[in-house]
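Shown next, in structure tokens, is the structure this report addresses.
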Amino acid sequence: MVEREQFTFDGMDNDVVVLEQKKRGIYISPLVLVVYVLVTIFLSVAVGVIVHFVKPCTHDQSESADRHSPEGVSVDGCPVTTLSTVTSSSIGDDDLWMVCLNMSLSRNETLPCPVSCHQTTPGEVINYRLPPTFLPRHYNIDIKPDIYGKEFLYQGRVVIHLECTERSDVIFVHFRKMTIEQPIDVRSADVIIGVIKTETVNVTELFKIYLDRPIEVGENISVSISYHGEVLADMVGMYYSRYVEENATKFMLATQLQATDARKAFPCLDEPLLKATFELRHWSRPEFIEKGYVNYSLDIGLKIFDYFENYFDYPYDMPKEDQISVPDFAFGAMENWGLIVYRETRMWLGNVVTCAWWSDLWLNEGMARYHEYLAMKAVQPDWDVDQIFAAQVIYTALASDQLGHSYPVHNPVEKPNEIERMFNSITYNKAGCVIRMLKELLLKDSYQDAMRLYLRQNAYDSVTFVELLRAFDDQAKKDDIPVNASMMMATWITQMGYPLVTMEKINNNTIKITQKMFLQNPQRPLYEAYTPPFKSLSLNNFIPETIKLQHPLSSSDWLLGNYLQYGLYRVNYDIVNWNLLISQLKSNHKVFHVVNRGQLIQDSFNLGRSGDLDHVISLRVTEYLRDETDHLPWVAAAEEAFEFFQKIFRYSANFPLFRTYARNLMLKNYKTLGWKKRLEDTHHDVYLRELTTKYSCIYGNTDCIETALDYFRRWKDDPTNTTIIDPNIRNTVYCTAIHYGLPSDWDFLFNIYKNFQHFSNEKSRQCRALTCSSDRATLARFFQMAASNNEEIMSHDPEGAITIMRYIAKTSVGHYIAWEALDAQWDTMRSKHTIFSSLCESLSTQYDLERFEAFISKHPPKKENEKNSTEDARNLILHNMRWRAANENAIFQWLRNVH
């Protein structure tokens, strides 16, 4: 492995960066490029960030403006002075953050004009945030469910112990889908306080209790509320789940309270800032214990807890930690404090320290996303976690933030539906990548010390990202590291998108570096609500445009930027350098780290799609894959690059040329890995076998298809034998058998699917495989079952119907089925407009555009989200058409020449 290069960066006037030359190539690390890019980005967007976040306020700020904010500026981002008074020369770093981020530093600093003031019509302002009048200290909850009666009902009672922080005679409590009973009992030191009236506000899901006297600051009261409702199987709040035991269906209760669903389980003050205590083991079903599933989770769980306690130098404070398996669970996991709920199987980041409001959800989820891979690397050192992180996190983050209509990591949100949308790839994956990039800039020990400082300073408190970045700044200063985390992170978390960095060799010792915002569709207009990040401004006024190398390059030396892909950006080169990189891949690809091999494929194909690179170059990058035995580069090629070709060209008469090319690239690995586990298999061999069999069958490898059919038929003859098909090849076997098999094969798998009670991963495999059918009548029937919310589908997965319809819409046969169904049933299926978006992903011809416009003319969008989706779809179709016109002939001519 190549060691990291040493470099100096002595200031803005120095245009020389000294790099250590590596063998016959030059590695430009993300650290060098990030330093160059960030200075430009920050200076060019700082004013834009301020303008974006500092907005006019319609509320009276006279009281709050001088409490915890710089002179003339309120903490919540509503300026008292005009914007012209807020300049880099008149405020310091902390003041800049206070202006830009709309966030208070603690609960006591929340002001009457929060970021969630939402004006709907002139004169009407809906506030989705609770006023800062009471802090919950403790909840006593008593719930009595009846899930074996004729109706699934429950009766509940909650006693909320509150401390008054601002004098008030109104108590606000969240609730949803329940009936609150009268009377409400409010007491102070066991003395009853009279309730004048109560009021419900449905749009904000608030229950207001008006008292006959104001509660004074510091006074402690209790509020007792009785309530009742129906237990639903909707996997939010408190819901019921079912499972089969000894051939009998049994029921259980479960909860999912994040983000705004605690209010569906019991009346409460449902904001992340408002922590409280509650009075309310490793549980599993016996057969799972017998099969050993529990032993693995227990063993790994103990190792992970030991790792995090040591890493953060902060003990896990709960007396115990239980893990519970729930058959029906909408999230991948839910790390409740002391109880981890997951589908059949974070305590420090999110529980010890919690985000103050959902705009900073990434402080919980993005931080946890990155650190879970650190833990995986520690407890499973043989898994090569760098490959897994790149495949599961980096690639997903880049793909989700290159379309021009995503969100910033720090994204001001107001309403519950906006909050729910925060649980997305930007919050989890992009934030995780940005944290990884910051760690690389700070270096390992300083980053770990900064995380420990962050936890110590903010334990059992709710924070904004100001506190996190302050800890990094303090630690960097202490360790004499010239990195200003706050200034760097401003451009990565307060704006959407990421840059394309282009490296061009000017001569043997000079490299020119430029940057611009990367958009897969460069002609797509940005939403006005977002300030365009990484503006394409001249670099001359900010940083040198050139890097001068200490050791001159020869004509055969290549450049490789973003070593180990630590930086969240794509890299392009001049054509000469691309040719040198391709030659190196063919002669000895192992010279490049496996992460960079995957990056070269990923970057080149996406640059081809955006028009920044000739797509024939990206195809040439894949020629070496015949000899690639690592998993990650194949993920970059097959699961993204090749999938795009299949989507666009699947109806083309020339598409068999590409199928043959892809199939031949995989043939060596297919023969080597086969279908069965080997004793010498590594973790990545298992991954690669799954990928290779899947795409070999998809691209027509006859041996692959016959083998998959044989596995399926043997299982069909003995369906209770779960050892016939290894779990890692079941996706391939199921889908291939359903595609090439008989109608009776589909009926068999559907019967298994609708009666399956156990692991959700297995149920998901079965569901997706059922959409692989090539029989039009079968797919049409399955689509209509999903569209009508058939009980056999909905009983275990309320979201399953949407999933099925989207999967069918993406197939070559199902595309037209879905289109016709949406056209005929749009009035009843309008709420499922995301399926329409899936249909449009593959449209790329003039006929497709005319068909799209006819559909929109017949079914014009009504709601704002429909209008946005329609415009996004239209732009995507136009981009696909331009791309196809520019690349199709050259791509297939190259494929003919290769054959």
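Glycine is no exception: its Cβ is also placed from the backbone N, Cα and C atoms.
According to TrEMBL, the feature Zn(2+) binding site maps to Glu365. Its Cβ taken as reference, Glu365 (Zn(2+) binding site) is surrounded by 21 other Cβ atoms within 10 Å in the chains shown.
What TrEMBL records for 136-280 is domain 'Aminopeptidase N-like N-terminal'.
TrEMBL lists 296-346 (among others) with the feature domain 'Peptidase M1 membrane alanine aminopeptidase'.
Taken from TrEMBL, the feature domain 'Peptidase M1 membrane alanine aminopeptidase' applies to 347-492 (among others).
On the 0 to 100 pLDDT scale, the domain 'ERAP1-like C-terminal' (558-862) averages 90 in the predicted structure. What TrEMBL records for 558-862 is domain 'ERAP1-like C-terminal'.
For Tyr428 (site 'Transition state stabilizer'), the same-chain residues lying six or more positions away in sequence with a CB closer than 8 A to its CB are Trp362, Glu365, Gly366, Arg369, Val393. Annotation source TrEMBL lists site 'Transition state stabilizer' at Tyr428.
Sequence annotations record features per position, and here TrEMBL assigns transmembrane segment to 31-54.
Residues of the domain 'Aminopeptidase N-like N-terminal' (136-280) grouped by DSSP class, helix first, strand second and coil last, total 6 helix, 90 strand, 49 coil. The residues of the domain 'Peptidase M1 membrane alanine aminopeptidase' (347-492), classed with DSSP into helix (H, G, I), strand (E, B) and coil, number 100 helix, 7 strand, 39 coil.
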